[in-house]
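*Asks:* Attaching a single structure in structure tokens format; questions to follow.
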Amino acid sequence: MAAQNGNASFPANFSIPQEHASSLPFNFSYDDYDLPLDEDEDMTKTQTFFAAKIVIGVALVGIMLTCGIGNFVFITALTRYKKLRNLTNLLIANLAISDFLVAIICCPFEMDYYVVHQLSWEHGHVLCACINYLRTVSLYVSTNALLAIAIDRYLAIVHPLKPRMNYQTASFLIALVWMVSILISIPSAYFTKETVLFIVKNQKKIFCGQVWPVDQQLYYKSYFLFVFGIEFLGPVFTMTLCYARISRELWFKAVPGFQTEQIRKRLRCRRKTVLVLMCILTAYVLCWAPFYGFTIVRDFFPTVFVKEKHYLTAFYVVECIAMSNSMINTVCFVTVKNSTMKYFKKMLLLHWRPSHHGSKSSADLDLKTSRLPATEEVDCIRLK
């Protein structure tokens, strides 16, 4: 079932003929359950599992509330007000849409899987594959969108004299972000299966996750390393280089000529934007690096976790850290990066105060601005 980005293999004392369980990128495997099938004990009834269930339940509720409400506010404000539609915000909208879909579609099913039915899937194979697939696509859309934002900021700040990305190019880039994510995620749906596990006597759990055939283990590991390279290492390295050059340009390079108040405001605005984006990059690395590291050790050095009592607890802790990344993105983009809440409050006031018919308010005029929205810097200065 969908959890966060990872993969898995069977423990040494349990296997199914002709199959090798994996979960790239959003699944548990049989050993993730930490269920010793040769003992008369249901590990889902232990205190360790109970604590882990509470932790992941709280995390899922947090994602549903934060990402569901926060991204809805951002998307609604962006749709209504053209002043918010600069190129950076349009790229951010991809993260908002993907996280919003996960919050309202995937998380309720995950809550049922982890907390209500305690690692047992009750919704059929089609939904099992769809939820895993949507989770995977969402992760890669977020990663690719963050990379696109970093490159856009790099070109705008380090090479200001070069032509800026126009909306045709931005539309192509957004389509590319989704297309790459959709294609790379296909194996997560293709290899997703339901498998019945008998835990204690006649008690059963229905496992939902990717199951790769034994004779395709090499393909699985190659696929994981490919995804790890182009969806984590590559983007993180590129974004780090971009923000390093941007930081040098904004903080360590003298601005020639006389600095007007408008120039100083634009510089402060750019610095604020870049600081938020660097914080988001840092959060992305801190949240996902432990999970990728855990996954690599589990799949490429499986003996490390053999006989490990607290394997399940460690897996849940690492998973919850990874899951929190979407909440951090939402909080940063909605409450810090943009004036989204200001525009959303405007929209609510317009809805609940119909008495403004006689005169056009500034909020009304926002809807009738030019088709060419203000750049991020001009918009930032105007909102000061």
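Glycine is treated like the rest: Cβ placed from N, Cα and C.
Note that the structure is a prediction, hence the values are computed from the model and not measured.
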*Asks:* From the list Asn7, Asn338, pick out the residue that Swiss-Prot labels N-linked glycosylation site.
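*Replies:* The candidate carrying the N-linked glycosylation site note in Swiss-Prot is Asn7.
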*Asks:* Scan Asn13, Asn86 for the residue that Swiss-Prot records as N-linked glycosylation site.
*Replies:* Asn13
*Asks:* Pick out which of Cys106, Cys107, Cys128, Cys287 Swiss-Prot lists as the disulfide partner of Cys208.
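*Replies:* As annotated by Swiss-Prot, the paired cysteine is Cys128.
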*Asks:* From the topology recorded by Swiss-Prot, do Met165 and Ala254 fall on the same side of the membrane?
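*Replies:* Yes, Swiss-Prot places Met165 and Ala254 on the same side of the membrane.
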*Asks:* Need a quick answer: max count of Cβ pairs under 8 Å to the transmembrane segment (274-294), which of 54-74, 138-158, 172-192, 224-244, 314-334 is it?
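*Replies:* Between the stretches 54-74, 138-158, 172-192, 224-244, 314-334, 314-334 has the largest tally.
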*Asks:* For the transmembrane segment (138-158), give me same-chain residues lying six or more residues beyond its boundaries with a C-beta closer than 8 angstroms to one of its C-beta atoms, as numbers and ranges.
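*Replies:* Same-chain contacts beyond the ends: 4-5, 25-26, 87-88, 91-92, 94-95, 97-99, 101-102, 106, 164-165, 173-174, 176-178, 180-181, 184-185, 231-232, 235, 238-239, 242-243, 245-246, 249-250, 270, 273-274, 277, 280-281, 284, 325-326, 329.
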*Asks:* Among 54-74, 172-192, 314-334, which stretch has the highest count of C-beta pairs below 8 Å with the transmembrane segment (224-244)?
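*Replies:* The listed stretch sharing the most Cβ pairs with the transmembrane segment (224-244) is 172-192.
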*Asks:* Using a Cβ-Cβ cut-off of under 8 Å, list the residues of the same chain that are 6+ residues beyond the ends of the transmembrane segment (172-192) and lie near it.
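*Replies:* 22, 24-27, 90-91, 94, 125, 128-130, 132-133, 135-137, 140-141, 144-145, 148, 165, 208-212, 223, 227, 230-231.
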*Asks:* When a 10 Å sphere is centred on the Cβ of Cys128 (disulfide bond), how many other Cβ atoms does it contain?
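*Replies:* For Cys128 (disulfide bond), the 10 Å Cβ neighbour count is 25.
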*Asks:* According to DSSP, folded down to helix, strand and coil, what is Cys208 (disulfide bond)?
*Replies:* strand
